[in-house]
Amino acid sequence: MLANLYVTECANSAEEEENELRADDAPDEIASADAQNDETFDIAQIYLNDIGRRPLLSAEEERQLALRIKEGDFKARQEMIERNLRLVISVAKRYTGRGVSFLDLVEEGNLGLMHALDKFDPSRGFRFSTYAIWWIRQNVERAIMNLSRTVRLPVHVVKELNGYLRTARALENANGHAPSEDEIAARMDVPVQQVRQMLLLNERTCSLDAPLDDDPMLTLGDAICDEEQEAPELQLHHGRVDAYVQDCLAQLSERQRYVIERRFGLNAHDTQTLESLAGELGLSRERVRQTQIEALDHLKRILRQQGIDATLLL
């Protein structure tokens with residue numbers, strides 16, 4: 001029973017893919033989804049034009065080619081692959097925007113196509129495209145899992161996440177807007193919290209060296225604020241204050257300046273106690289304290305004379 005359900009699901013998926021291929025909409029999809037630069041777009045377009053000239057196989061043609069392949073006919077194998085490359089395109093374009101380039105998705109899908117051909121048994125009675133689509137999707141999803149994430153997710157988690165993302169895309173196509181977590185949960189009949197946790201897994205890291213869309217000359221790192229770095233206007237303000245303090249200190253006596261710089265850790269000096277300074281200067285602790293008071297009083301007078309509130313600096 002499970003086998004029948006699997007074949008039915010694959011058959012429905014393959015039929016959808018073939019309907020899209022007959023509509024020949026793959027080139028337009030690529031133009032919008034993966035035109036990252038002119039060179040990439042040109043290569044993709046050349047590839048699409050090349051495989052677009054090969055018509056799709058009928059059921060009878062597939063059966064005849066499969067029988068020839070079983071007999072070791074290499075040309076039949078090549079024809080089966082080439083005539084089904086458009087199926088890979090149809091699958092790959094559904095996975096664009098997941099952190100892996102379109103051409104890389106196609107390459108992985110082609111590997112899945114060839115693997116499917118190695119395992120295909122025409123005596124089972126279903127079409128090759130029905131069987132191949134599962135292998136193509138598996139290879140594409142594994143590539144996304146391995147290449148697009150800094151933190152690798154287990155295969156079963158990726159498959160579950162893809163189910164949520166497919167539901168979200170279906171709702172968006174049906175309603176014309178991005179669905180909410182509540183809408184996805186209702187469609188899938190799961191708790192909202194479960195939807196939220198799964199969608200969080202879809203968030204990706206981004207290099208700080210990645211260029212910005214608005215200005216390629218700037219990187220993401222250039223646009224992120226450093227919380228530990230002072231704003232330029234504050235740096236300018238503090239620079240002016242430091243210069244003013246130096247002017248004030250220059251008006252003290254040599255001993256007063258020596259004491260103030262070391263008592264308050266100015267000009268890269270370590271903060272020292274009165275006892276420590278007394279030992280260095282050969283003075284009593286009380287005399288050093290008086291020198292400090294005299295220096296501070298002098299500085300306050302300088303500030304008052306210039307109309308500055310001394311409490312702002314002292």
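Cβ coordinates are placed from backbone N, Cα and C, and glycine is handled just like the others.
Looking at the stretches 40-43, 104-107, 224-227, 300-303, the one that TrEMBL records under the feature motif 'Interaction with polymerase core subunit RpoC' is 104-107. Ranges compared are 114-133, 174-193, 274-293, and TrEMBL records DNA-binding region for 274-293. Along the motif 'Interaction with polymerase core subunit RpoC' (104-107), the predicted structure has mean pLDDT 90.
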